[in-house]
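So that you can see what the record holds, here are the features copied from Swiss-Prot:
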type: BINDING; residues: B:259, B:263; note: Mg(2+) binding site
type: DOMAIN; residues: B:205-346; note: domain 'Nudix hydrolase'
type: MOTIF; residues: B:244-265; note: motif 'Nudix box'
type: TRANSIT; residues: B:1-49; note: transit peptide
C-alpha cells in the first residue's frame with residue numbers, strides 16, 4: 001500500500017471548502033463524518049486509555065506476540081478494536097486543510113494547501129483555480145494544465161514533477177511503481193502516479209489483503225507474517241499472509257494470485273481457491289498525506305500441512321496462530337501494520353469472533369467502511 | 001419482522017425538517033442520503049428495466065423457482081441485486097413528510113405528519129411540540145406526555161391508543177407482540193410497542209436472519225423456505241431457513257436458537273454452531289410506514305443429511321438449492337420476501353459469489369448497510 005512516510009512539518013490552519021460547484025463534491029465526505037458522529041450510539045474512542053495498548057514498535061519478537069495472545073480473549077469488550085480503527089482514520093478535523101485535485105471535472109484527490117506551494121512553480125503542468133462567491137471561503141482547486149489531455153501525457157508530465165520532489169526529499173521513498181488515478185474504482189483511469197506520491201495527492205488507493213487460515217480440530221488458525229526489517233515501510237511489523245497494493249492494469253484476482261506466489265509461495269492452484277469476501281476502507285490524514293484506501297478482502301482456507309515460503313524477501317517469517325490469540329494481539333498491541341487490523345477485524349466479524357451481544361457491535365461493524373468506499 | 005400492511009391512502013406534501021435543536025438529529029439521515037448519492041460511482045437503479053424482473057407474486061411454485069434458477073448465473077451483472085436493494089429502500093424523497101418521535105430528548109422514531117392527526121385526540125398521551133425560527137419550516141416533533149415517566153406506564157398508555165387504532169383498522173394486523181423502543185441497539189429501552197404499530201411510529205426494528213447451508217462435493221447449497229399461504233405477511237413467498245424479529249427482552253443469539261427450533265426443527269446442539277457474520281440495514285418508506293430495520297445475519301453450515309421440519313405452521317415447505325441458482329432467483333424475480341434478498345446478497349459477497357471484478361461491486365456492497373445501521 002501507499003508509503004508510510006510523511007516527513008514534512010506543517011502548521012495547522014483551519015478552513016472550509018469553497019462552495020464552488022466542483023468543490024461541492026468534497027462535501028459528501030464532510031457530511032458523512034458529521035452523520036457518522038451523530039448517529040453512532042457509542043463513542044468508544046473517548047473511553048480509550050493509552051495504557052491499554054502496547055506502544056507501536058517494530059522491535060518485538062514472536063515471543064512477545066505469543067505471550068500477548070495467551071491472555072484469554074474477551075469477545076465482549078470491543079474497545080481495543082475501536083482504537084485500531086481510529087488509528088486508520090486520523091485527522092478528519094483537518095479535512096479543511098486540503099483542496100480538491102480535479103481532472104475532467106471530477107475529484108480524483110485532495111492536496112494539502114501548503115503542499116500545493118511545491119506544485120505552483122510547475123505552471124505548465126498544474127493549474128490553480130480560485131473561485132467561490134464568499135471571499136473568506138475561496139479555496140479553489142488544483143487541476144492539470146488543459147494542454148495535458150491524454151493519460152500518457154499526464155503520467156509523463158506529473159512523473160517529471162515527482163522526480164524533482166523526490167530528489168529534494170519532499171516526497172520520500174520513491175518506489176517506481178504506478179498507481180491509477182481515478183475518481184472511483186470502476187471509473188476510467190485519468191493517468192498514473194508514482195505510488196509514493198499517491199497520499200500527497202490524496203488519490204484513492206486500492207489493495208488486496210488475504211487472510212490465510214487453517215481449520216484444525218474445529219479451531220481456526222491464521223497464518224501471520226512478520227515484515228522484513230529491511231522493508232522501507234512498517235519494518236518488522238505483523239502482516240497478513242498475503243497483501244499488496246493494486247497497481248495500474250491488473251485485476252484484484254490477478255494481483256492476488258501474483259502476490260500469493262511472491263509473498264508466501266502459494267501455487268496458483270491453491271491461490272485460485274481464495275474467496276473474495278468484501279472490502280474495508282478508511283480515510284487517514286497525517287500531515288500532508290491523505291490516504292483514501294479501499295482494501296478488497298479475501299479468505300483462503302489452506303491445507304493443514306501447508307507452510308508458506310516467502311519468495312521476495314519482504315517477509316522475515318510466518319507463524320500459525322489461533323484466531324482468538326490474533327484477536328487479543330490486535331486489541332492489546334500495535335504490532336500489526338495498522339490497516340491489516342481492519343481486515344482482520346472484518347475476518348473476526350465474519351467468522352463469529354465478534355458477536356451482536358457485545359456493546360458497540362453495529363458501530364464497530366460500520367466503522368470498518370466509510371462512505372467513500374468506492 | 002414488522003408488518004407489511006400500510007393500507008391508508010395519503011396525499012403527498014413535501015416539507016423540510018425544522019432546524020430546531022432536537023429535530024436537527026434527523027439531518028444525519030438526510031445527509032447520508034445526499035452523501036451516498038454523490039459518492040456512488042454508478043447509479044445502477046436508473047438503468048433498471050421492469051422487464052428484467054418477474055412481478056411480485058406469491059402464487060408461484062417450487063417448479064417456477066427451479067426453472068428460474070436453472071439459467072446460468074452471470075456473476076458480473078449486478079443489476080438485479082441493485083434492484084432488490086432499492087426495493088427495501090423506497091421513499092427517501094418522502095423523508096420530509098415525517099416528523100421525529102422523541103423520548104427523553106432522543107429520537108426514537110419518525111411519524112408521518114398526516115398520521116399524527118390520529119394521535120392528536122390522545123392529548124393525555126401524546127404531546128406535539130411546535131418550534132423552529134422559520135415559520136415555513138415549523139414541523140415540530142411528537143413526544144409522550146411528561147407525566148409518563150416510567151417505561152411500563154408508557155407501554156400501557158400507548159398500547160391503549162394502539163388498541164383503539166387497531167379496532168378502527170387504522171393500524172391493521174395487530175400481533176400482540178412487543179418491540180422495544182430505543183434510539184439505537186445498545187441504548188436503554190424507553191418503552192415497548194405493539195409490533196404492527198412499529199412502522200407507523202418509525203421505530204428501529206431488529207431481526208435475526210440465518211442462511212442455513214450445506215457443502216456437498218465442494219458446492220454450497222442453501223436451504224430455502226416457502227412461507228405458509230396462511231401467513232398474514234408475505235404469504236407464499238421465499239424466505240431464509242430461519243428468520244425472526246427481535247422481541248423485547250431476548251438476545252440475538254437466544255432468539256436465533258428459539259427460531260431455529262420453531263421454524264426448522266433445528267436442535268439447540270446444531271443451532272449453537274450458527275455463526276454471527278455481520279448485519280444489513282435499510283430505510284423504507286411506504287405511505288405512513290417508515291421501516292428502519294437492522295438484520296443481524298447468521299450462517300449455519302448444516303450436516304448433509306439434515307432435513308428441516310417446520311414446527312409452528314409458518315413455513316409451507318423447504319428446498320435445498322445450489323447457491324448460484326438462489327442468486328439467479330434473487331436477480332430475476334421478486335419471489336423472495338424483500339429483506340431476505342439483502343441477507344442473501346450479503347451471503348453471496350462473503351462466499352465469493354460476487355467478485356470485485358464486477359462493475360458496481362463496492363457500490364452494491366455499501367448499499368447493503370445504510371448509515372443508520374445502529
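Our numbering is plain: 1 for the first residue shown, then up by one each step along the chain.
Cβ coordinates come from backbone N, Cα and C, glycine included.
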Close in space, distant in sequence - residue B:259 (Mg(2+) binding site), Cβ under 8 Å, 6 or more apart: B:208, B:210, B:242, B:243, B:244
Long-range environment of the motif 'Nudix box' (B:244-265) - Cβ separation under 8 angstroms, sequence gap at least 6: 1-2, 177-180, 189, 192, 195, 205-208, 210, 212, 223, 225, 271-272, 274, 276, 296, 298, 300, 308-312, 314-315, 318
Overall pLDDT for the domain 'Nudix hydrolase' (B:205-346), taken as the rounded mean: 96
Local backbone state of residue B:259 (Mg(2+) binding site), from DSSP in three classes: helix
Other CB atoms within 10 A, centred on residue B:263 (Mg(2+) binding site): 24
DSSP-derived helix, strand and coil totals, residue by residue, for the domain 'Nudix hydrolase' (B:205-346): 36 helix, 61 strand, 45 coil
